[in-house]
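Pulled from Swiss-Prot, these are the features on record:
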MOD_RES   2  N-acetylalanine
MOD_RES   5  phosphoserine
REPEAT    108-141  repeat 'TPR 1'
REPEAT    180-213  repeat 'TPR 2'
REPEAT    252-285  repeat 'TPR 3'
């Protein structure tokens with residue numbers, strides 16, 4: 001286990017060639033403490049957690065611009081609040097910009113402010129360009145690296161997510177604080193672009209330095225998922241659980257991966273036990289978007305497998321309802337819709353669809369609203385049609401956009417819920433036009449992910465209704 005580095009003061013940041021415009025050593029150390037917790041996906045109680053650190057940071061130097069950029073950026077990157085609906089967040093962005101204009105900042109700091117402001121306006125690609133400008137000159141700027149990594153993920157820019165880290169990876173020598181975590185960040189981009197061996201090697205290197213690196217655990221979980229290595233995946237999660245279960249911002253998602261292996265095996269009760277024991281409690285405690293998405297995705301997958309999830313949708317509905325008008329990420333919207341449909345709440349369903357349609361009609365520079373008309377709305381309508389028992393309509397909506405769904409972001413494993421939706425619709429369709437779609441989709445799935453028990457079950461189902469001939 002790597003020893004924790006001391007928190008960096010003004011001079012230490014200067015020595016790292018990342019000077020911060022503040023004279024407060026306390027503010028500099030709290031900036032480092034917050035950044036460290038963000039990278040580790042863990043609220044460290046000994047540091048006071050992210051919220052505690054940000055509160056103390058603001059008190060230490062109320063006009064510390066990078067403190068504002070990080071605090072506001074973290075709220076935005078969480079995708080649970082929009083400047084359109086959250087006046088406090090809107091004010092925070094404006095305050096950050098105003099303070100930045102009153103000080104002689106470095107170019108790096110000015111770019112950070114511009115990137116956060118641009119992200120707040122929904123122009124994620126432009127924000128990434130600004131973070132990349134920082135990384136060209138300052139390859140060890142972890143905040144720029146992490147913010148861009150997360151934004152690329154939301155955009156479905158898989159190659160950029162990988163290459164962004166490849167460009168700066170050689171500069172992260174072992175003496176730099178948090179350097180081992182860069183291995184994990186790089187490994188995830190490699191994994192999402194199907195470089196599984198390279199990704200696993202890097203993730204395992206990171207874990208040999210820090211076994212508690214929950215993001216590297218997460219990369220390995222993905223690799224086993226994508227290769228249908230169910231036994232290996234389950235063993236890995238069981239053996240490593242004690243190391244990652246306290247990473248409170250990612251543990252729920254790692255448990256979700258564990259549950260996916262169980263769903264793949266057809267062990268539905270065991271999967272529901274993980275949901276009830278770990279995933280739902282995390283959602284109710286944190287209200288984090290990742291936990292909402294995990295909950296909705298898991299219940300929806302189980303339902304497609306014919307499993308009764310009882311009243312569980314009712315537990316998720318209040319959070320989905322609260323965010324149904326946000327329209328920050330189309331990926332989130334699709335999952336909120338699963339909850340409102342699953343809980344049979346037509347009012348929330350209608351509100352989500354109507355306000356999303358409105359957003360798509362005047363998108364401005366918002367990348368998600370620009371994508372809503374051609375991809376987001378057809379996907380959402382397909383979920384509605386599936387619920388209403390119109391499988392042929394689901395195919396008509398999804399087949400033309402299936403290769404564009406990656407643009408909604410999320411991981412390959414997360415977006416697989418939409419592949420499964422398409423296959424189930426094809427299995428249930430009645431139109432002769434669509435009679436060979438299920439066979440085609442299943443052959444494609446089997447070629448990409450051989451030895452998948454879930455695919456084998458679907459092929460058997462197709463055979464019983466004579467769709468594999």
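All residue numbers here begin at 1 and follow the chain in the order shown.
Glycine too: its Cβ is placed from the backbone N, Cα and C atoms.
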Checklist entry - 10 Å Cβ neighbour count around residue 5 (phosphoserine)? => result 14
Checklist entry - Which residue counts does DSSP give the repeat 'TPR 2' (180-213) for helix, strand and coil? => result 27 helix, 0 strand, 7 coil
Checklist entry - Across the repeat 'TPR 2' (180-213), what is the average pLDDT of the model, as a whole number? => result 98
